[in-house]
Amino acid sequence: MKGSSEHGETSKQAPLGSSRGVSKGVSVLDLILRFIAIIGTLASAIAMGTTNETLPFFTQFIRFKAQYSDLPTLTFFVVANSIVCAYLTLSLPLSIVHIIRSRAKYSRLLLVVLDAAMLALVTPGASAAAAIVYLAHKGNVRANWLAICQQFDSFCERISGCLIGSFGAMVMLVLLLLLSAIALARR
């Protein structure tokens, strides 16, 4: 009889240890996703912020220039990605604390709120930039806006590529919110 009750006690403690392992795994995944989102937002902000192209027109003295700062939407894109990148970098130590102390509830709740705010910032920046990129490629016949990508092809390729990192960061922030919700629900 005594042997069977001891066996039952050990089996009750096994899920508790595995719960800590799962919690630590969630925290490690949180840290990895933050690094990926940092890379995406940083690359997008730098690439967009350094995008420009100059085309000569008849002579060397008359030139047409396209740069990201010509469009306020693309400037907002750079600012939004820079802010989100700075936040994600500053949140790394807190994410490391969650790996060490998986029971930190209030700091995880703070990260949920701030992650949601950063998602709310990067989403309109990326979406508005996507609309401008679409107009640059296709134009708008009704508004008499011509597509500029036939002339400024390098500029258009670069601003199109910048969207990838930003939309990737959006996905990472959504996954971070889901992971934090899972971690908070387990407590």
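Using the three backbone atoms N, Cα and C, a Cβ is placed for every residue, glycine included.
As annotated by Swiss-Prot, topological domain 'Cytoplasmic' applies to 1-27, 97-115, 184-187, with the evidence given as sequence analysis. Feature annotation from Swiss-Prot assigns compositional bias 'Basic and acidic residues' to 1-10. For 28-48, 76-96, 116-136, 163-183, the entry in Swiss-Prot reads transmembrane segment, with the evidence type sequence analysis. Annotated topological domain 'Extracellular' per Swiss-Prot: 49-75, 137-162, in sequence order, evidence recorded as sequence analysis. Residues or ranges marked as N-linked glycosylation site in Swiss-Prot: N52.
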Other parts of the chain folded back onto the transmembrane segment (116-136), taken as Cβ under 8 Å at six or more residues beyond its ends:
41, 48, 71, 73-74, 76-77, 79-81, 83-84, 87-88, 145, 147-149, 152, 155-156, 159-160, 162-163, 166-167, 169-170, 173-174, 177
What else in the chain is close to the transmembrane segment (28-48), if you only count residues 6 or more beyond its ends and a Cβ gap under 8 Å?
68, 74, 77-78, 81-82, 84-85, 88-89, 91-92, 95-96, 98-99, 122, 129, 158-159, 161-166, 168-169, 172-173, 175-176, 179-180, 183
Who are the chain neighbours of the topological domain 'Cytoplasmic' (97-115) in space, where the CB to CB distance is under 8 Å and they lie at least 6 residues beyond its ends?
20, 23-24, 27-28, 30-31, 87, 91, 173, 176-177, 180-181, 183-184, 187
For the topological domain 'Cytoplasmic' (97-115), DSSP counts of helix, strand and coil?
15 helix, 0 strand, 4 coil
Long-range neighbours only, meaning 6 or more apart in sequence with Cβ under 8 Å: which ones does the residue listed as 'N-linked glycosylation site' have?
K65, A66, Q67, Y68, F155
